[in-house]
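Listed in Swiss-Prot:
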BINDING   Thr57, Asp132, Glu192, Lys222, Asp226  substrate binding site
BINDING   193-195, Asn227, 256-261, Glu279, Asn314, 335-337, Asn380  NAD(+) binding site
Amino acid sequence: MTASQDFVVKDISLADWGRRELDIAETEMPGLMAAREEFGKSQPLKGARISGSLHMTIQTAVLIETLKVLGAEVRWASCNIFSTQDHAAAAIAATGTPVFAVKGETLEEYWTYTDQIFQWPDGEPSNMILDDGGDATMYILIGARAEAGEDVLSNPQSEEEEVLFAQIKKRMAATPGFFTKQRAAIKGVTEETTTGVNRLYQLQKKGLLPFPAINVNDSVTKSKFDNKYGCKESLVDGIRRGTDVMMAGKVAVVCGYGDVGKGSAQSLAGAGARVKVTEVDPICALQAAMDGFEVVTLDDAASTADIVVTTTGNKDVITIDHMRKMKDMCIVGNIGHFDNEIQVAALRNLKWTNVKPQVDLIEFPDGKRLILLSEGRLLNLGNATGHPSFVMSASFTNQVLGQIELFTRTDAYKNEVYVLPKHLDEKVARLHLDKLGAKLTVLSEEQAAYIGVTPQGPFKSEHYRY
């Protein structure tokens, strides 16, 4: 990167390829295209300076260009070291949008690129964050706490934190007061995924959330579609591209049966695998059992599994002891946001053989081997290309609406976490029906009055479970 080249991508010559795929993706993303049509003239994001941290895929490229059509300035990095599609990053960089994303980043590069999305040429700060997993938000908040004199950088708990804290110290030395100034300038953040939302709620509970946040993840048109139907298609895609293994007849264990776990279990079952589920929540466990899956503990199931996938958003779900029990050539992977669901660090002293990018063969002293996908990070994005465009259109339309809401109506929100209102959730769904040839039935005035709604909706209460 130079002063005249405000981007970092693998190969800018891939831009034409990326643009061709972008053109196809736009035809599969009716929500984002409708947002351009509705808001393009009014420019509701004019003046917005958005720092985006979200997987730099073809679908994300359509989101970025939608934000720009609506008036925003954007700087972008990927939220995962393996999830970037290099041709997508090149296509965006070629349009003049600063993007810092390469498939296969080091942790040092990852946090440098996260820092770069806040470094505008005029030296002024960002005023919005669009986040996936919370790393961009946490970078600013931890840095501001360090500038205030809190001892938050002296005791890293992981290799990732070591690198993060080093980057914060580097920025503090280069630009004193940077984090405090940046934190004060943020009008709000929209957060894409379960893990990042959990971080925001923890901050709110502690009284440490300094600006409003919109929880995009818990919009119905995100969690019940992206998390479920997206994983239903992309999990098996990632395993197949990574291993070429036949899944029919294999024993697959899915750790967790939330929305991501449900989609993952259906994905593997659809491929012919014999699926078992682990759960800590009795309600989700009962759902899994009544959906026809055997509910087990990983302690009991590890020795018979051919494939084990984590979907929980928790840490240490697959331990080194579990992996010692697994059979030779068991496939181990994760489709939750962070890599700490699997105790990958405990494997580092074993023999690793890289088979191909994001596929490693790990050999134990007794000769047993495991196939680890994407080093325990998101395998559907590391080993494949993530969710299909159509389902991401719904998620990203929520992101756009959330950005508009927080940027244009900042004073209407306290420093708390919010979910988009039901009428906007229904609007997002409505925008995607025509593409599937679906036709809505219209309530009569009498029918609407009978159930206490209007013919135009919203049709369900806020607490309704879809």
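Just so it is clear, glycine is given a Cβ too, placed from its N, Cα and C backbone atoms.
From a predicted model like this one, the values you see are computed outputs, not experimental measurements.
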- Cβ atoms near Asp132 (substrate binding site) (within 10 Å, other residues, all chains): 26
- Note on the structure: Rounded Cα distance, in Å, between Gly256 (NAD(+) binding site) and Lys222 (substrate binding site) is 18
- Task: For Thr193 (NAD(+) binding site) and Asp132 (substrate binding site), determine the Cα separation and express it in whole Å.
- Result: 6
- Rounded to an integer, what is the Cα-Cα distance in Å between His337 (NAD(+) binding site) and Asp226 (substrate binding site)? 13
- Among the binding-site residues Thr57, Asp132, Glu192, Lys222, which ones place their C-alpha within 10 angstroms of the C-alpha of Val260 (NAD(+) binding site)? none
- Task: Work out how many Å separate Asp132 (substrate binding site) and Thr195 (NAD(+) binding site) at their Cα atoms, rounded off.
- Result: 8
- Message: If you compare CA-to-CA distances from Thr57 (substrate binding site) to each of the binding-site residues Thr195, Gly258, Glu279, which comes out shortest?
- Response: Thr195
- Message: Using the alpha carbons only, what distance in Å do you get between Asp226 (substrate binding site) and Gly258 (NAD(+) binding site) once rounded?
- Response: 13
- Query: Given that the record lists Thr57, Asp132, Glu192, Lys222, Asp226 as binding substrate, what is the largest C-alpha to C-alpha distance among them, in Å?
  - Reply: 17
- If you rank the binding-site residues Lys222, His337 by how many other Cβ atoms lie within 10 Å of their Cβ, the lowest count goes to His337
- Lys222 (substrate binding site) and Thr195 (NAD(+) binding site), Cα-Cα, nearest whole angstrom: 14
